């Protein structure tokens with residue numbers, strides 16, 4: 001099936017009455033304030049792995065259906081994903097029927113979701129999980145299903161009535177900047193008015209940046225997390241592009257991240273087909289450093305034990321979920337090596353050394369301990385543990401010493417430093 005590009009934007013005009021505009025001006029900075037996502041969201045999202053597969057006759061195990069999500073829910077419990085922290089099961093595009101119902105409400109495709117979304121939400125909740133769903137700010141979703149333009153209130157209430165816990169709100173089919181921004185703000189208010197706690201995942205800056213620089217202070221008022229860059233694909237080139245974009249724009253985005261508000265570099269594709277082992281380690285390590293939502297998109301029925309162990313690595317997850325809530329950043333790039341760091345609670349730090357080369361063998365690299373954590377991480381000394389690609393207790397290092405490591409091509413070594 002040929003999908004409409006997520007970059008496709010058709011005209012949608014949002015006609016807001018003066019009263020609504022006054023309402024926004026009063027409540028704008030408190031529009032979200034939902035107390036959710038105090039640490040980055042963790043879970044599973046169908047899009048990258050299963051896309052918009054609607055053919056349940058030919059591919060019953062891979063089409064977007066309630067069967068797929070119920071199977072994933074079962075595995076998230078039985079295989080330890082929920083206990084590791086992955087507690088959101090998220091539906092992306094292509095779950096809807098082609099038309100709204102007679103009352104103007106969104107409805108699930110009756111053949112692929114015969115029991116409806118409320119039933120699925122109840123099932124997911126019975127497993128101790130939470131359900132995420134997808135909608136779009138414009139006239140249509142990216143795949144051409146009904147959009148939420150003009151129906152923000154009724155859609156928000158529908159999701160609340162169903163028991164939805166997260167909304168991923170896309171930005172296709174809306175090429176008016178005013179419409180785009182107002183639509184995202186209005187949906188935040190509409191979700192709050194339902195009285196239900198619903199994590200709000202936006203793609204606002206992704207669609208805004210081609211027109212002007214996003215106001216991230218504004219965006220963080222309304223969204224729990226937000227996409228900045230292109231969709232991730234199951235390829236190393238895609239991961240590299242996301243990381244390169246992040247380094248270029250980190251001065252804009254790092255400071256606005258924190259409890260309840262996160263930059264989202266998109267899904268984890270670990271356990272699929274396109275990344276080598278070292279590249280999977282790099283994605284896991286850098287997503288932890290970036291305090292990114294950890295939303296896997298893979299097939300939990302077929303995932304390898306090695307990929308599962310990486311995704312469930314409790315030490316790496318602890319860095320990602322650190323309650324201090326500070327996003328990490330790249331602070332050094334020399335030749336083909338990048339060094340990233342992230343401040344953690346209790347004066348700890350995470351440090352990642354990434355090898356940009358894709359040829360040759362492991363690259364030796366030496367770090368001055370005094371340079372880490374803005375000179376504070378190991379002053380006067382610290383205990384260093386290598387967490388990835390394997391856990392190694394390296395011991396106590398004084399501030400005046402050096403740390404030597406070797407990093408595989410396209411790989412990353414992740415350390416934790418504790419005072």
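Placement of Cβ uses the backbone N, Cα and C atoms for every residue, glycine included.
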Do you know which of 86, 186 is annotated phosphotyrosine by Swiss-Prot? 186
Which recorded positions are spatial neighbours of residue 204 (substrate binding site) here, meaning Cα within 10 Å, out of 139, 186, 192, 231? none
If we check Cα distances from residue 231 (active site, proton donor), which of the recorded positions 139, 192, 206, 207, 215 wins as closest? 206
Between residue 139 (N-linked glycosylation site) and residue 203 (substrate binding site), what is the CA-CA distance rounded to a whole number of Å? 16
Centre the Cβ atoms of 203, 204, 205, 206, 207, go out 8 Å, and tell me which other residues of that chain have a Cβ in range of the substrate site. 171, 180, 202, 208, 209, 214, 226, 227, 228
Run through 170, 186, 192, 215 for me and report the recorded positions whose CA is within 10 Å of the CA of residue 205 (substrate binding site), in sequence order. 215
Minimum Cα separation from residue 203 (substrate binding site), reported as the residue among recorded positions 170, 186, 192, 215 that achieves it: 170
Find the one among the recorded positions 170, 206, 207 whose C-alpha lies closest to that of residue 192 (N-linked glycosylation site). 170
